[in-house]
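Reading through the structure tokens given below for one structure.
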Amino acid sequence: MKNKGIDQFRVIAAMMVVAIHCLPLHYLWPEGDILITLTIFRVAVPFFFMISGYYVFAELAVANSYPSRQRVFNFIKKQLKVYLLATLMFLPLALYSQTIGFDLPVGTLVQVLLVNGILYHLWYFPALITGSLLLTSLLIHVSFKKVFWLAAGLYLIGLGGDSWFGLIQQTPIEPFYTAVFHLLDGTRNGIFFTPLFLCLGVLVRKQSEKRSLSKTALFFLISLIGLLIESAYLHGFSIPKHDSMYLFLPVVLFFLFPLILRWHPHRTWKHPGQLSLWLYLLHPYTIAGTHFLSQKISILQNNLINYLVVLILTIGFICLFLRQKHSWFRHKQTTPVKRAVKEFSKTALLHNLQEIQRIISPKTKVMAVVKADAYGCGAKEVAPVLEQAGIDFFAVATIDEGIRLRKNAVKSPILVLGYTSPKRIKELRRYSLTQSIISEGHAVALSQRKVAIDCHLAIDTGMHRLGVTPTIDSILSIFDLPFLTISGVYSHLGSADRLNPDSMIRTQKQIACFDQILLELDQRQISYGITHLQSSYGILNYPDLNYDYVRPGILLTGSLSDTNEPTKQRVSLQPILTLKAQLITKRVVAKGEAIGYGQTAVANQETTVGVVSIGYCDGLPRSLSNQEFCLSYRGQSLPQIGLICMDMLLIDLSHCPTIPIESEIEILTDWSDTAEQVQTITNELICRIGPRVSARIK
């Protein structure tokens, strides 16, 4: 969710930071340096903080879920790495300028590293990291509204240790600030300064669509005037300890940020994020260089010229570096050769999703079942594509499958359809997984753990595999259990894939049982959340049912379990998976020679044999051996010969012996026909693909 205005203003904000460190108007107009450089340009660092709040903390402020927490923790890790890199980068300059030394007391060194940084501009990183940790710990336990007002209170306290310090001197509260200075060296840090602007970023994200542009611009101008008056007063009638924190500064940012969001600049910097970061990081080295040169080049003693030279040199160096970096990566990037791949078609997946949505009720949504690694197609690849396409609920078979999805940044709710031991209940909560209650005993055991979790209640309507007894008293007893929030009710149809009379009678009984339970819950005004009953064949054979969700699995892969079984609703499906492997060698075999293991295949003439790097260990059925099973290369059919080995198979290349080594050979594209050939269902064939087969998005 990049925003061009935000990205381009990053560079402007970095230039403002450079100006603060160069004081360009110092000799030409000292008062202007105070009002412009040390006042207006102070929006720069809070702007960077607000970006973090806007993009990183907005989700955590709404819901304390694993994806939102993980996003924040990953962000903090990244900032720690940048801070470590910057510290190492500026260690020579810090030692040279005597900002730090080898004789520095341990306590002071700790304060420098945790609060100020080893050079004057590096305070930003510990402030951001500390503020992020503080805000995260608060949001996990307290509502955003309370956190916001706490952050605002901390900022007001911080004013007294910054620009308002001159006014609180010789007052009863001065000893408090003396203690703060002793511990933290000031209030421009991650405790008093950063949290409010992170919260403001979140607040703008929540309210961005509600604001009138003209009113926002008007309030921005009014608050900016207030900021200038405040600064003029504080600098004119007191001596601020620092001038980073003003009373009107948060107000200015609150109205400025939405204006930047709606800004659409015509001329833009390339790679603005990297440019602004490196401009912020590197400019002190350029300042040190121009300061040294100013002893011989007197014009550099003019602060404005010095500022412009610092900008030009730093930006020029960064642009050259980035250009060279991207050029180097372009030359270095090569597609790694894989012995075997399952190529996943995003286009086919989205087509299948649209076909499903076409036949279900407009009010019914899709809960994508991605168990068994998305039926062997690769959940890591499939789930993000579906989520981006609007799928807002996923289902898996086990807790570990759910955890893997979470670690691959899937944000939507995830339902665990199978059994999870109550001993793992903390993992359910940690990863924000919704657990199926599969029996009365399971419900009681989960509740006894005294850990609040989200659940869906599975009802055994007649399949007799998983689910609670379909009686209202049994179900109500589960609703009464503490710590279990039941946000959904579902069941599973055992014979929906057949349209013979017995199967249809059984299915109608299950539907009637499920509907009766829902009716009785409604009559008792029990809130049971969402409902779902149909899986893939339930969708095709009973499309007129109206529940909140359907649960397609094999349908999304573009296949049917059994193509010989007719369905009430026809759909146009596209297989999303193509199995490919490399041609790794080829050789000429004389007439009469046995090929491969045993003597099941003997060359009846001189034959060019190719070896392909895939075997039954990778999930290819060995029963396909010598069964007229054909591979293909650019439309050319390549018959499989001999017994399929564990890691390889052999093909007849007599009609196309010039295929280059390391060419990709198509092994399987029509999964349904191949499943029929080996007398199994498509589900099993796809799920057999082994872990050695790499996944790739087409």
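Keep in mind that glycine also has a Cβ here, set from the backbone N, Cα and C atoms.
Look at the topological domains in Swiss-Prot: LEU35 and SER361 end up on opposite sides of the membrane. When each of the listed stretches 11-31, 43-63, 82-102, 122-142, 184-204 is scored by C-beta pairs under 8 angstroms to the transmembrane segment (148-168), 184-204 comes out highest.
Counted with DSSP, the topological domain 'Extracellular' (238-244) comes out as 0 helix, 0 strand, 7 coil.
The Cβ of LYS371 (active site, proton acceptor) lies under 8 Å from the Cβ of ALA395, VAL396, ALA397, THR398, GLU401, LEU417, GLY553, each on the same chain and at least six residues away in sequence.
In sequence order, GLY642, LEU643, CYS645 are the residues of the chain that are 6 or more apart from TYR597 (active site, proton acceptor) and have a CB within less than 8 Å of its CB.
Counting C-beta pairs under 8 angstroms (sequence separation of 6 or more), the transmembrane segment (122-142) fails to reach the transmembrane segment (11-31), with fewer than 3 such pairs. At the 8 Å Cβ threshold, with sequence separation of at least 6, the transmembrane segment (184-204) lacks contact with the transmembrane segment (275-295), having fewer than 3 such pairs. DSSP assignment over the topological domain 'Extracellular' (296-301) gives 4 helix, 0 strand, 2 coil. In three-state terms derived from DSSP, TYR597 (active site, proton acceptor) belongs to neither a helical nor a strand segment and is classed as coil.
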